[in-house]
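Engineer: According to Swiss-Prot:
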type: CROSSLNK; residues: Lys694; note: SUMO2 cross-link
type: MOD_RES; residues: Lys143; note: N6-methyllysine
type: MOD_RES; residues: Lys188; note: N6-acetyllysine
type: MOD_RES; residues: Ser446; note: phosphoserine
type: MOD_RES; residues: Ser503; note: phosphoserine
type: MOD_RES; residues: Lys1021; note: N6-acetyllysine
type: MOD_RES; residues: Arg1163; note: asymmetric dimethylarginine
type: MOD_RES; residues: Arg1172; note: omega-N-methylarginine
type: MOD_RES; residues: Arg1235; note: asymmetric dimethylarginine
type: MOD_RES; residues: Arg1251; note: asymmetric dimethylarginine
type: MOD_RES; residues: Arg1259; note: asymmetric dimethylarginine
type: MOD_RES; residues: Arg1266; note: asymmetric dimethylarginine
type: MOD_RES; residues: Arg1282; note: asymmetric dimethylarginine
type: REGION; residues: 328-377; note: region 'MTAD'
type: MOTIF; residues: 583-592; note: motif 'Nuclear localization signal (NLS1)'
Amino acid sequence: MGDVKNFLYAWCGKRKMTPSYEIRAVGNKNRQKFMCEVRVEGYNYTGMGNSTNKKDAQSNAARDFVNYLVRINELKSEEVPAVGVAPPTPSATDSSDTTAEDGGVPGNLGGPLPPHLTLQAENNSGGGGSGYVPTWDRGANLKDYYSRKEEQEVQATLESEEVDLNAGLHGNWTLENAKARLNQYFQKEKIQGEYKYTQVGPDHNRSFIAEMTIYIKQIGRRIFAREHGSNKKLAAQSCALSLVRQLYHLGVIEPYSGLTKKKEGETVEPYKVNLSQDLEHQLQNIVQELNLEIVPIPEDPSVPVALNLGKLAQFEPSQRQNPVGVVPWSPPQSNWNPWTSSNIDEGPLAYATPEQISMDLKNELMYQLEQDRDLQAVLQERELLPVKKFESEILEAISQNPVVIIRGATGCGKTTQVPQFILDDCIQNDRAAECNIVVTQPRRISAVSVAERVAYERGEEPGKSCGYSVRFESILPRPHASIMFCTVGVLLRKLEAGIRGISHVIVDEIHERDINTDFLLVVLRDVVQAYPEVRIVLMSATIDTSMFCEYFFNCPIIEVYGRTFPVQEYFLEDCIQMTHFVPPPKDKKKKDKDDDGGEDDDANCNLICGDEYGAETRISMAQLNEKETPFELIEALLLYIETLNVPGAVLVFLPGWNLIYTMQKHLEMNPHFGSHRYQILPLHSQIPREEQRKVFDPVPSGVTKIILSTNIAETSITINDVVYVIDSCKQKVKLFTAHNNMTNYATVWASKTNLEQRKGRAGRVRPGFCFHLCSRARFERLETHMTPEMFRTPLHEIALSIKLLRLGGIGQFLAKAIEPPPLDAVIEAEHTLRELDALDANDELTPLGRILAKLPIEPRFGKMMIMGCIFYVGDAICTISAATCFPEPFISEGKRLGYIHRNFAGNRFSDHVALLSVFQAWDDARMGGEEAEIRFCEHKRLNMATLRMTWEAKVQLKEILINSGFPEECLLTQVFTNTGPDNNLDVVISLLAFGVYPNVCYHKEKRKILTTEGRNALIHKSSVNCPFSSQDMKYPSPFFVFGEKIRTRAISAKGMTLVTPLQLLLFASKKVQSDGQLVLVDDWIRLQISHEAAACITALRAAMEALVVEVTKQPGIISQLDPVNERMLNTIRQISRPSAAGINLMIGTTRYGDGPRPPKMARYDNGSGYRRGGSSYSGGGYGLGGYGTGGYGGGGGYGGRGGYSGGGYGGGSNSFRGSYVGGGGGVGGGGGGFRGLSRGGYRGMSGGDYRGESGGGYRGSGGFQRGGGRGGYGGGYFGQGRGGGGY
C-alpha cells in the first residue's frame, strides 16, 4: 500500500506541490487507531484514511486522494498502483461529461450536468456555492460586517438598562433605547413598520411573540426579527432591539452614544465574608508561587480598580481555513466502511474488487427472492403501497438529477420504499458496490422503527442490508449495498469524516425545520455543487415545497398520490355537539400569585360559533378556555368513540410530557378507562425505546389502545391500527431570548401543516376520524408553518459544528441557510465561543473548541466537564451535565417537591446535589437487579426511564472525553455524602457555578430572590429550596446559582444550588472591582472582604483557565501535574469549602420544620433504615451512631469506625490524593485508604473490597457510611449475607 503514497508524492512533485499529511491518534489507549488526512494546495478535497498503524493510515489517505484525482479527471485510473482498491469504474466518469448516453443509465453517478453547475466556475472547484449566495443570502450582508469587525472590538461587559448581558457587543443598543431609534429609522426611510403579535401559553402563563420583517434599501435585502416577551410591550421592545442590532452590524445605523442611564434594581446589602488568616496566607503563597501579580489597593477609594487578570495562557492561533469549505464526498469504495468511517484493512473485503462484491450481493439477493416464501408474501404487500406506481419515475429522476424532492401523503410508503427501490435497482444492475444510502429521520423512534420495518420487508434482521444509528444505540449494516437510518444529529456528527462512501443521502421530513435539518440542507447544497455525482433525495409531506425546490436550484418534484383511506375531520364545535358535552364548573381554587392571568386581549375564538350549531353547543363552547386542554372533553370523545363500534386505536396529540403524564393518570383513575378493556400508552422522545415500541404492538380483540403522544407521532412513524385522532392542536416549544439569557417553554398553537399531518395518522386500515380541539375560527387563524427552530434557539452548538467541519466563517455559512438566523444571534454565538476560549484570534477552533464541538452538550457545560476531570470529579460533573438534558426524575403530585425528594439534597440546599444523590442511590439499587431498581423507583417516586436515559448520556460524555485523551482515572465513579463535609462535593458545586454562569441570584425572603443587576424573581416551585408555606426561610448563605430562568407570569429560577461568596468570586463572576473596602461583583453583588484576598482568588481563576489551556492541548498531563499546579488545585479545594467563607451548612438541617416530620422508610431486605441499620434515614437515626455519638471525628461516627476524620480523609500521605492510597482509614472505612490494598479499602483486597466479600469495605462492615456491625450501604447486598441493616 506504500506505493500509492510514493505515487502521490511523485505526481505532486511534477507539479511543484507537496502533499501535506496530518496524523492524529483517535480512540482510547486500549484500542487506539490513527487517523490521517492529506491535503494538496489548490484542491478543495481532504483525503482521509485510518488504520491501527500510522503507515497504513497514510497509505489509505493517499489512496483516497488519488481516487479523487481520478474522479475529477486529473489522473487516469490505469496509472494508479493497483494494490488494494481500484476506484469503481462507473463512478470514475468525468464529472464535467455532459453526454446524454452516460446519463441514460439509471443511477449512474455521472448524468447530464444540471444548470446550476455552470455557476461552478465562480466557485473555484465547487467551494460551497458562493456563486448562488445572492439568491439565498436572505439574512444580512455579512461581508461588510466582517470587514469592519476588527475596528469594532467588542466590549464584553456593560452596564445597561433591562438585564442586558451583552449590549456592548451590539453598539450599546438596549431594550430601552432601541425602539425609539427604530422609529426614527422608519420615519427617515418612510417605512411603515408593523409588529405582528402572537399569543402563546394559557391565560395564567400567557406571553407574546412579536415579529417584523423590513426591507433595507441601502443593502438591498430584508432583515427579520422574532422575539418573545411576557407582555406585548416587552415582546415589541425585544423585536425592535434585534432589528436595531442587526442594522448596527450592517453599518446602516451608528452605535448608541448616549449614557445608558442605569435603571437601578434592588440593591443587595454588602455581605461580610469571614475568611480565616490561614487561608489568606495560603492564598498569598500560592499566588507568589504561580508568579501572579495582583492588583494593588486603589489610592483613591472613589476610583475602584478591576481585579480581573487578563488571560495568562492563550492557544496559538491556527492557520485561517479557506474562506469557504465544503464537506468532502467520495463514492463507495471497496476497502472503505462508510458507517464506521474506517478503512477495511483485513478480511476478504480488503482486497475484493467492486465487480466481485456486486456479483456476490446480486447472487445472494436472487437466491433469497426465489427461496424465501415469507419474503414473497411481503413483496406482494409492498406492491399495494401507492408509492410503488411511481418507482420507475423516481429512479429515473434520481439517475438524471443530483437533487430530487419527493412529496407524498402520510402513509404512501415513501419512507420505507424509496431507499429499497434505489438499493434493489443497483444490486440487480450489477452496481451493488456503488450503492450506500443514508436516510435521516427527525427523531430516534422513527429511525429505529423504520429500520426495523425495512429489515422485516427484506426478510432480514437489522444489521445486514439495513441498520440504524441513533444516540446511545446502533446496529450498523454491512459496508456495501446497504441502507442506514439515523437521526440528523448522528449524521452531522459523522460529517467530520466527510460523506465518504455514500452514494445517496435521503433527508426525510424536511418540512419539520428543526435546526439540525436546516443546517444539514446548507451542507448538502454546498456538497452537491462541489460533487455533482452525489445523489440527494429530499422527502416531505404534502406541503408547499416550492421554497426547498428553489433553494436546490429548481430541482424536480415528484408528487406521490394516494392516502390509503379518507379521513373525516371535526372541529371543537362538532365535538361538543356530537357528545352533548357540558364543561364542569370552573375550579374556584385561588391561584398562586405568580400564576395569575391578566387581561386577555387576544380574541377568544371559542366565542365564535356558526349559526348551524345549537344554542347549547355555543354556550358550552364559550365556557371552555381556549388556552387549556379539556381533559373532560377528551374523555367524552373516548366514550363517544366506544359507541361507534368501529374497532381501532385512538391517537391523542398533547403538548409536552406533563400533560401526557397527567392525562394518563386521569384516565387510569377512571374505573371505565382504567379497566382491562383499555390499554393506555404514553409516547414521548424521553421514554425508553422498549416503552416506545409498545405503541406498535397489536392489542387483543375487545381492547382499545389509547396512545397519548407529543408531535413525535406526527411524522415518520406510522402506527397501523390508528383509526381515531384526537388533536389538542397545540405543541410545546422552547423559546430563548439572548439579551437576558431567558428560557421559556411555551405551549403554542400548532400550524395548519401540523394539523394536516396529525389528521393523516388516522385512516391507515379503514376510513378514519380526526377530532381537532380547536374551533373552525381558530383553525383559520393558524400559521401555515411553524417558525424554524433556528430563529428561537442559541446558535453556539451549531457554530462549533461549522468550525469542526471546516465550513468557513460561522456567519457566512449561516447566511446560506434556507431562512438565515438574525445577525445579532450569530454574533452572540461567536462572542460566547471566543469567551470560552473555543475560538482563537483567527476564529478557528482551539484544542478546547475541538473537544467542545464533539460533546453533545452546551459548550459551557463541556468546559465545566474538562475542569471536573482536572479535579478528578469528572464523573459527577458528567452526571449533572447529562441530567440537564432531560426532565427531573422526580414524580411529584403537586407543584412542590415532597420530603421524599427533598431529602436527597441532604443539607446542601441544592437541586443539583439532589440529582446527583438520586442518581447515586439509583445506581446502587440497580446493582440488585431490575426488580430492586423498580422497587426503589416506585418507593422513592422516581421516573426510572429518565434515570436510565441520564446514565446513557453520562456514559456517552465520558467516552468522548476518554477518546479525546483524558485519563480514565479522572472519570471514575465516586461516592458523595450530602449530609456531612465532603470536599469533592464542594468542588463539584464550585465548578457548577462556572457551568451555569451568569445565572447567579441572591435570596431576599420567602420565595423572593434577586437575579443579575438586582431584578426580582422567585424560587421555582419544583426546587428543593422552595418553602412549603409563606413562612420565611433562612439559608446558611444567601447566594445561589441556578440552571435557567423560566418565564411564567413571574420569572422564576429553576435548578438552584447554594454557593458561598468565595465560589462566586472564583468561578461565577466576569467583572470584579475593589475600592479597598468593598468588592463589587458584576456590578451588583457587594462583598466585605479584604482587597488582597479577593485579588488572590480572582487571580487563581486566571491561573485555572491557563491550566485548562494546557490540559486541552495534552489531556494526559492531568495524571502528572507539576507540584505548583497541584498546590493551586488544593487551594481551590480549600476555597470551595463552605467553612472557608465562615458558612456552616449544619445550621439549616431543620429548615423544613414548617411541614410534617419526614415519613419513616419502609424495609427493603433487613433492617429498616434507608441506609443501613437503625430506624431512620441515616443508619441509626440522626442521633444514634449517625450524627451524634462519636460525631464526625470520633469512633462510631458518620464515616464508620474512626469517624469521618479519625485516621482521616487526609490521613496517611502528604497530599490530597495521598489519602486515597494509604493512611489509617480514609474514606474507605476501617483500615486501609480509599484504594488501600489491605483491610477495607475502597477496593481493598482482603478486609472487604469495593463490594466486600469478607466483611467491610465500601459496602461491607465498618464501611463508608456506617460504624459497627456487618452491612455498610447495602448491608448485605454485597457484604456477607443479607444481615445487619441496609435496604
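Including glycine, each Cβ sits where the backbone N, Cα and C put it.
Please go over these features one by one and say how buried each is and what sits next to it.
Structural biologist: Around the Cβ of Lys694 (SUMO2 cross-link), 15 further Cβ atoms fall within 10 Å across all displayed protein chains. DSSP classifies Lys694 (SUMO2 cross-link) as helix under the three-state reduction.
All protein chains shown were included, and the count of other CB atoms within 10 Å of the CB of Lys188 (N6-acetyllysine) stands at 9.
Ser446 (phosphoserine) falls within a helix when secondary structure is assigned with DSSP.
DSSP assigns Ser503 (phosphoserine) to coil, not to a helix or a strand.
Reduced to three states, the DSSP call for Lys1021 (N6-acetyllysine) is coil. Lys1021 (N6-acetyllysine) is surrounded by 19 other CB atoms, counting those within 10 A of its CB over all protein chains shown.
Residue counts for the region 'MTAD' (328-377) under DSSP, split into helix (H, G, I), strand (E, B) and coil, are 26 helix, 6 strand, 18 coil.
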Engineer: Highest Cβ count within 10 Å among the modified residues Ser446, Ser503: which residue is it?
Structural biologist: Ser503
Engineer: If we check Cα distances from Lys694 (SUMO2 cross-link), which of the modified residues Ser446, Ser503, Lys1021 wins as closest?
Structural biologist: Ser446
Engineer: Write down the Cα-Cα distance for Ser446 (phosphoserine) and Lys188 (N6-acetyllysine), rounded and given in Å.
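Structural biologist: If we compare the Cα positions of Lys188 (N6-acetyllysine) and Ser446 (phosphoserine), the gap is 52 Å.
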Engineer: How far is it from Lys1021 (N6-acetyllysine) to Ser503 (phosphoserine), counting Cα to Cα, in Å?
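Structural biologist: Approximately 52 Å lies between the Cα of Lys1021 (N6-acetyllysine) and that of Ser503 (phosphoserine).
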Engineer: Three states by DSSP: which one describes Lys188 (N6-acetyllysine)?
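Structural biologist: Looking at the DSSP assignment, Lys188 (N6-acetyllysine) belongs to a helix.
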Engineer: Compute the C-alpha separation of Ser503 (phosphoserine) from Ser446 (phosphoserine), stating it in Å without decimals.
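Structural biologist: Ser446 (phosphoserine) has its Cα 22 Å from the Cα of Ser503 (phosphoserine).
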Engineer: Mean pLDDT over the motif 'Nuclear localization signal (NLS1)' (583-592): what is the value?
Structural biologist: 61
